[in-house]
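Note sheet for the following structure.
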Amino acid sequence: MTVILERRESESLWGRFCNWITSTENRLYIGWFGVLMIPTLLTATSVFIIAFIAAPPVDIDGIREPVSGSLLYGNNIISGAIIPTSAAIGLHFYPIWEAASVDEWLYNGGPYELIVLHFLLGVACYMGREWELSFRLGMRPWIAVAYSAPVAAAAAVFLIYPIGQGSFSDGMPLGISGTFNFMIVFQAEHNILMHPFHMLGVAGVFGGSLFSAMHGSLVTSSLIRETTENESANAGYRFGQEEETYNIVAAHGYFGRLIFQYASFNNSRSLHFFLAAWPVVGIWFTALGISTMAFNLNGFNFNQSVVDSQGRVINTWADIINRANLGMEVMHERNAHNFPLDLAAVEAPSING
């Protein structure tokens, strides 16, 4: 009888834990995805802060030339970064216990792998947690779908691209200048500016900013005034009120006359779907573009594509970009390569005699 009572108490304790994890009454929803999200993001954040402040230089290229990235080793907020794991490690899983010592682990850039892998797990679980909370509240699942765009972008630069290039040393450094360096080198090696998927991403980000500004300014300009002239119009809104807070007909009429009638939405639901879908689809395409360029399916190459009747090349902007790419590539990892990859890949002329 005592055993049965203990089992019931144990089940009751587990049941209470499950109810607490999945309760929507908590100030912050945890959820089953949160059980994994919280420790992974805490780990990634803690190691990032410590490494950004105090990590020793990392031999990123695997040629015994360490690169400093932390504040205590001479960097500032702009130049500092978590240096990617060494090319000597490649794609190997490199936890602390795989190194002979902590000093070796730090020298080979172990913190980068630790941060990136925990971060990707954490943001994926955050996306799952968004879906989980929506499900519990009876909401539609599109918040998690929208968040999948930045998750896909992060996975592309931190995981897919290193896999395609064969080393975590090719991943994006975790810092401001390191991000810019990654962008410049990516352009030099893959001509991303001439890739249609990147163009769609630019349209998505800048278009999304434009549409967001247009929508916000239109709504703010067509608020239904509930206050006197001496009070802020914002004070006329009560959280949870049933009445519309702005006049969509007035906004529709204004914008329809500013451009033309059918350029303006007359359905609030389709308008907000468009505002969400435009940047999300654009960022999806950019992440897909990064993931294909990871395996060297690069941007368009229109170099020397225009010639005159004598066969002489007439330079276009494509040739100017190509010249810039070669310049950036020859300066990249200058001690690791004697020539840019494009030049080194040219077949050597045959020698007779």
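The backbone N, Cα and C atoms fix where each Cβ goes, and this holds for glycine too.
Copied over from Swiss-Prot, here are the features:
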type	residues	note
MOD_RES	Thr2	phosphothreonine
MOD_RES	Thr2	N-acetylthreonine
TRANSMEM	29-46	transmembrane segment
BINDING	His118	chlorophyll a ChlzD1 binding site
TRANSMEM	118-133	transmembrane segment
BINDING	Tyr126	pheophytin a binding site
TRANSMEM	142-156	transmembrane segment
SITE	Tyr161	site 'Tyrosine radical intermediate'
BINDING	Asp170, Glu189, His332, Glu333, Asp342, Ala344	[CaMn4O5] cluster binding site
SITE	His190	site 'Stabilizes free radical intermediate'
TRANSMEM	197-218	transmembrane segment
BINDING	His198	chlorophyll a PD1 binding site
BINDING	His215, Ser264, Phe265	quinone binding site
BINDING	His215, His272	Fe cation binding site
TRANSMEM	274-288	transmembrane segment
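Shown on the structure are the features that Swiss-Prot records.
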residue: Tyr126; record: pheophytin a binding site; Cβ contacts under 8 Å, 6 or more apart: Phe33, Met37, Leu41, Tyr147
residue: Asp170; record: [CaMn4O5] cluster binding site; Cβ contacts under 8 Å, 6 or more apart: Pro84, Tyr161, Pro162
residue: His190; record: site 'Stabilizes free radical intermediate'; Cβ contacts under 8 Å, 6 or more apart: Met293, Asn296, Asn298, Gly299
residue: His198; record: chlorophyll a PD1 binding site; Cβ contacts under 8 Å, 6 or more apart: Ile192, Thr286, Gly289, Gly299
residue: His215; record: quinone binding site; Cβ contacts under 8 Å, 6 or more apart: Leu271, Leu275
residue: Ser264; record: quinone binding site; Cβ contacts under 8 Å, 6 or more apart: Ala251, His252, Phe255, Gly256
residue: Phe265; record: quinone binding site; Cβ contacts under 8 Å, 6 or more apart: His252, Leu271, Phe274
residue: His272; record: Fe cation binding site; Cβ contacts under 8 Å, 6 or more apart: none
residue: His332; record: [CaMn4O5] cluster binding site; Cβ contacts under 8 Å, 6 or more apart: Ile184, Val185, Ala188, Glu189
residue: Glu333; record: [CaMn4O5] cluster binding site; Cβ contacts under 8 Å, 6 or more apart: Asp61
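Long-range contacts of the transmembrane segment (274-288) within the same chain: residues 142, 145-146, 148-150, 152-153, 155-156, 197-198, 200-205, 207-208, 211-212, 215, 265, each at least 6 residues beyond the stretch ends and with a Cβ under 8 Å from a Cβ of the stretch.
Relative to the transmembrane segment (118-133), the listed stretch 29-46 leads the set 29-46, 142-156, 197-218 in CB pairs under 8 A. The C-beta environment of His118 (chlorophyll a ChlzD1 binding site), restricted to residues of the same chain at least 6 apart in sequence and closer than 8 Å, consists of Thr40, Leu41, Thr43, Ala44, Val47. Each residue in Met214, Leu218, Ala251, His252, Phe255, Leu271 lies on the same chain as His215, Ser264, Phe265 and has a C-beta within 8 Å of the C-beta centroid of that quinone site, without being one of the site residues.
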